[in-house]
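K.L.:
Swiss-Prot feature annotations, pasted as is:
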ACT_SITE  T12  active site
BINDING   A167, C170, T173  Na(+) binding site
Amino acid sequence: MAEHKPDIMYGTTIITVRKGGKVVIAGDGQVSFGQTIMKGNARKVRRLGKSGTVIAGFAGATADAFTLLERLETKLEQYPDQLMRACVELAKDWRTDRYLRRLEAMMLVADKKITLALTGLGDVLEPEDGIMAIGSGGNFALSAAWALVDMNLDAETIARKAMDIAAKICVYTNDHFTIETLDAELSSLEKAI
């Protein structure tokens, strides 16, 4: 288990669901500082790029996450319509740059083709089933989404219900959600069905 540093802002829940030709990223609005709620309506999910064709959500230290989002936007300008390449290049920088190496954040990013998680360890991970969650309530949201994915629900409904469950369990997650949706290609599992 990671060491809890009281001077760093922790906790949030971010989930992504790709289903039925849609991809959704949802996040809560709570910003915590140690054991204190500092803000309840933060916007941790946003559109990136000039055309808004990439959506991203972040968990971890807020200032660090904004730094990484800015860097990702720069990479997306260098590699337009190549989200995987932009994320891999960002991950390389994140691991090798002395300043970036200390940033404590994770991100979920998606475009119409792919969903990825980026970690401070330099990982760029793609979920095999189109669902992924990060943050202190991530495991609660992920479990809920997996339970709901086979039901006749769309991606946004699954994400919203999963976030509701995480908000009821995780003290670092509230029920003020920001949700962004894109039209998407079918996931590999959906194509196989």
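Count begins at 1; order follows the chain as displayed.
Glycine is treated like the rest: Cβ placed from N, Cα and C.
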K.L.:
Taking the centroid of the Cβ atoms of A167, C170, T173 as the Na(+) site, which other residues of that chain lie with their Cβ within 8 Å of it, listed in sequence order?
P.N.:
T13, D28, Q30, S136, G137, F140, A141, M163, A166, K168, I169, V171, Y172, N174, D175
K.L.:
Sequence gap of 6 or more, C-beta under 8 Å: which same-chain residues meet both conditions with respect to C170 (Na(+) binding site)?
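P.N.:
Correct list: G11, T13, S136, G137, F140.
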K.L.:
How many Å separate the Cα atoms of A167 (Na(+) binding site) and T12 (active site)?
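P.N.:
Cα-Cα distance, A167 (Na(+) binding site) to T12 (active site): 9 Å.
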K.L.:
From the Cα of T173 (Na(+) binding site) across to the Cα of T12 (active site), what is the distance in angstrom?
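P.N.:
Distance between the two Cα atoms comes out at 5 Å.
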K.L.:
How many neighbouring Cβ atoms, not counting its own, are there within 10 Å of the Cβ of T12 (active site)?
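P.N.:
By my count, 30.
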K.L.:
Return the residues near T173 (Na(+) binding site), defined as same-chain residues 6+ apart in sequence whose C-beta is under 8 angstroms from its C-beta, sorted by sequence, else 'none'.
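P.N.:
G11, T12, T13, D28, Q30, G135, S136, G137, M163, A166, A167 - these are the non-local Cβ neighbours of T173 (Na(+) binding site), listed in sequence order.
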